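Single-structure report; data block below.
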Amino acid sequence: MKVKVLSRNPDNYLRETKRDIQKVPRNYDPNLHPFQSSREYIRALNAVKLERVFAKPFIGNLDGHRDGIFCMAKHPKSLSTIASGSYDGEVRLWNLTKKKCINSINGHDRFVRGLCFNFDGTRLFSVGDDSTVKVWNTEEFETPSHTFISQSVLYGVSCQWLNDKVFATCGDVVQLWDITRSQPTSTLKWGVDSLHHIAFNQIDTNVLASCASDRSIILYDTREVKPMRKVIMKLKTNQLAWNPMEAYVFTAANEDYNCYSYDTRKLESPINVHKDHVAAVTCIDYAPTGLEFVTGSYDKTIRIFESHHGHSREIYHTKRMQHLTSVIWSLDNKFVLSASDEMNIRIWKANASEKLGTLRPRERTALEYNATLKEKFAAHPQVKRIARHRQVPKHVYHERNQQLESKRKLKRKEENIRKHSKKNSIPYVSEKKKNVISEVV
């Protein structure tokens with residue numbers, strides 16, 4: 001004789017305390033939920049709409065400079081400390097948590113051209129138009145601990161990683177310095193008039209790159225006595241940034257409104273071209289993950305690019321913000337800072353709709369669920385349209401339309417020439433093959 005007995009575990013339907021959520025029994029059999037996909041699509045649509053509603057990236061600003069800000073540097077150990085240098089020679093240390101200036105001093109007679117911290121953050125290096133390199137102790141900021149006088153004008157400085165004594169400057173030539181010596185230990189040159197930016201690789205610490213006035217990017221190795229490679233672009237490169245996770249990759253901000261990512265093992269052509277700006281790109285910096293980078297442009301906008309995509313995922317702008325001179329990405333991957341020539345440093349979220357502060361477990365679970373739904377339905381036309389939509393300034397919108405119309409005009413012209421050549425049996429070379437982006441020397 002078989003007797004069927006109902007057996008229920010009270011842990012499956014009873015709450016431990018009256019403050020807990022009521023437990024609801026669920027059967028996840030897909031045959032019992034024929035409208036699950038439709039419900040998830042509606043939730044994904046609502047999630048992407050709410051993401052745009054809560055996209056408020058601007059956090060605050062740091063004011064106090066009496067002239068335009070030319071350069072910034074982030075502290076390698078302290079997330080809340082940055083340094084900035086202005087057109088009038090003033091150098092300031094800022095506390096981002098309090099949004100206040102910690103220290104300020106008139107470090108140079110004229111422009112502050114470059115700033116950088118050493119590897120452990122105990123020293124700050126600055127160069128200016130007075131042809132001096134000054135080393136500041138971040139704890140005692142009244143007077144420089146070292147002063148180096150260069151025989152030529154200086155435009156940039158960069159510190160070697162994992163070595164707090166070696167740094168490099170650029171001007172007429174690239175000079176390698178040791179903090180224990182008063183004269184440069186090495187001079188590297190390749191027949192150019194001037195070099196306006198220099199950056200050490202953070203992984204392969206003996207490699208550095210510089211941007212020259214003859215539209216070239218020059219690669220150096222501190223172990224060699226002469227430069228290694230040279231890439232000549234069609235227009236001048238304003239700045240470059242090394243990918244902190246891929247030792248061979250760097251991205252250059254160019255005057256032709258684009259950014260170019262190169263692999264140093266194959267410099268004949270860029271591995272990616274990042275488009276969207278409508279004016280010269282003046283500054284660039286990578287996220288600590290190496291997956292994204294931020295750019296500032298002369299068109300008064302900040303754009304965030306994914307390193308493997310050609311178009312930006314985000315654009316930031318304000319009515320008062322003028323031409324961008326420097327951008328940095330914080331080491332906790334949460335904030336982006338921008339400096340412009342109207343004397344303000346602005347703090348932005350790296351993810352425009354991200355909620356700052358602590359999250360409750362239910363809230364975190366809901367956000368993760370919404371993120372999964374948005375990723376699942378990312379290719380759907382409605383979800384894709386809402387996720388991509390951005391409000392841009394009027395001058396950017398009109399300039400972008402003019403550029404698109406120019407490209408369409410050139411495409412029609414090339415198509416007509418190709419048809420004419422085919423009709424008259426004339427050899428035809430595409431404009432794409434003629435317009436080589438770069439040339440390796």
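Cβ coordinates come from backbone N, Cα and C, glycine included.
Annotation comment: TrEMBL describes 62-104, 105-146, 274-306, 317-358 as repeat 'WD'. Sequence annotations record features per position, and here TrEMBL assigns domain 'Sof1-like protein' to 350-436. Residues annotated as compositional bias 'Basic and acidic residues' in TrEMBL: 400-418. Summarising the annotation, TrEMBL assigns region 'Disordered' to 400-429.
Residues 238-246, 251-261, 312-317, 321-329, 331-333, 336, 338, 340, 348, 350, 392-393, 395-396, 399-400, 403 of the same chain sit 6 or more residues outside the repeat 'WD' (274-306) yet have a Cβ under 8 Å from a Cβ within it.
Counting residues 6+ beyond its ends, the repeat 'WD' (105-146) has Cβ neighbours under 8 Å at 70-78, 81, 83-91, 93, 152-164, 167, 169, 171, 177, 179, 198 in the same chain. For the repeat 'WD' (274-306), the model's average pLDDT works out to 95.
Per-class residue totals from DSSP over the repeat 'WD' (317-358), listed helix then strand then coil: 0 helix, 18 strand, 24 coil.
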